[in-house]
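One structure below.
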């Protein structure tokens, strides 16, 4: 209905616009024809009459045109108002369309949410059913961390699907908008086509009449359209209010859903934080271990660097020795050259003596120079000898260091042998401790059996006394009718007396054996007991056999540790001895607890835990085990052992043992050894039929990895290196001090002599004096004075 009204209004507006345009065109055409007639009219007498008639027609037409323009001007505000109403109606229609689309989208979202919840409920039910069928946990159990993460992933997938649905709805809305634009363009095209069709309307008067009638109709329709628009607007306002209420309700439900989602995410985040804290503690331990490893590697690198430094210092000493030898050779060459120069000077002196006498003074100076040169050569030879002696000292020190290194290697070898002996002694000590603990267990079992036997003996003695008292009362009540009755009563009394005394002797013997002391109390005897009686011996023998049988039964009961509760008559299939060694500071029973569990090969035992061992809790594993025993619960020692009896009621194919830590456990070394001590029914011999795949393989470990955790080895190596380096440094310091002392002594002697020798050629001559190689300034001055002043005579 609304679309029909809108279409009719648009059509009427378009018709009115076309009519006004056609009237304007018609007026323009009439004016053009009038002007053409005035310009081309005939110049006759009737021309004025035709002109007047034309003017009258023109005035009529102009009046009609002016009337049409007035009508058009009067219709312009109405048209503007009508356009405003049409625009308001369009806006209301668009709001209505949006509300309808929002409602449809809300319904689709609610349907998608309901479908998602149904799928989630169905998936959760299937997961519960699968877990119940697999026997992992009860059907009503809560989801674990892994199942919660899976459910969260499913929920995230559903949220992504909803986002995809929203995106599809947005795309559909965009498609609808594009379709609306296409309709608008087609509508504009239709309007243009209508315009083209309206231009062909002819007949100004008919169009005017039609227009007047149309205007009246339009006024009536406009009033009716206004009334309808008001009613429609009120209805749309009511629908808009209802849709707003529904939108608020939907928003409240969405907020509740978001709050629930936030709670679920907070719960999962707490669980993830707990898991992350556990993983961070493990990573911190691993990082600490890595840091320790890196520190050990750095220490090893430092030790290797020190060894390289020692080798480089040794090479440097050898190079210094070679340099000293080279210097000594150079000094010898210099000495030879000086000797050669001396011989040459001597030859020159002889030639000069033969040639000229006045050169004797110069010859004396040359001799003095020769003496100085000889002194220098002697000093050089002494210095070379000192260097040789130092080189020999260096060689001796290097040999001593090599001997020290060889001694240290021997000490390291002895230390390695001592460590092996210590390890062997530790193994022997552990074996003795295990044997001692086994003997203590057996002694405790025997002590318990002795205590039980003592209790049974006391009970037998009490019953004998009761029987004797009842016999005495019976003898007192029944008078002796003959000597036979008296003899029988006397014999029975003697038998009861002997039985009670035998019980007292056995009790005293057991008490002495249990207490470990020799009692000074002797059993009371009598002449009647001294006599041998077959009845008494038979009674004592039966009692002894009964006591022995009871002790054996008690011993078997005390030693039984079975994989499951079995009857005493059930035959035993195997016996396993478990040896435990604990290196922690606390007692083993005070930490953990640490549980030893065993499973047989049945599907409801080992088959229920082998595939999901890492995901199951400690209680779930314990519930599926055939045997569970807390280590250290019955032992106060850190090293102990116990026996496990396997009966034929268990599956005899294979058994799986495992250690469980069900709580906070101290970080320390725990060693568990399982040894098959005996077998029954020829099933297997002792120490056989162990699965080698579950035991650690013996691998040749490099010495670096083996010594990684041995602190004593690194301390010994560091001590040896430090000792060697300190010895070398002390030797070098002593040599340096000795060299400094010799150099200081040489300087003191040179200063005390009053002259400092100058070796080499001077850079320039002083005056006209001739400077000879090796000549000192003081000698030159003395020679000059001697030449200048002749000898005096008195």
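Cβ coordinates come from backbone N, Cα and C, glycine included.
TrEMBL entries are annotated by machine, without manual review.
Annotated features, as they stand in TrEMBL:
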- 79-133: coiled coil (COILED)
- 159-186: coiled coil (COILED)
- 215-267: coiled coil (COILED)
- 321-348: coiled coil (COILED)
- 541-552: compositional bias 'Polar residues' (COMPBIAS)
- 425-446: region 'Disordered' (REGION)
- 506-574: region 'Disordered' (REGION)
- 711-734: transmembrane segment (TRANSMEM)
Practice item. Express the predicted model's confidence over the coiled coil (79-133) as a mean pLDDT, rounded to an integer. Key: 75
Study note, to complete from the structure: Across the region 'Disordered' (425-446), DSSP yields 22 helix, 0 strand, 0 coil
Revision key, fill the gap. Here the stretch out of 159-186, 215-267, 321-348 with the most C-beta pairs under 8 Å to the coiled coil (79-133) is 215-267
Practice item. Using a Cβ cut-off of under 8 Å, list the residues of the same chain at least 6 residues beyond the coiled coil (321-348) that approach it. Key: 366, 370, 373-374, 376-377, 380-381, 383-384, 387-388, 390-391, 394-395
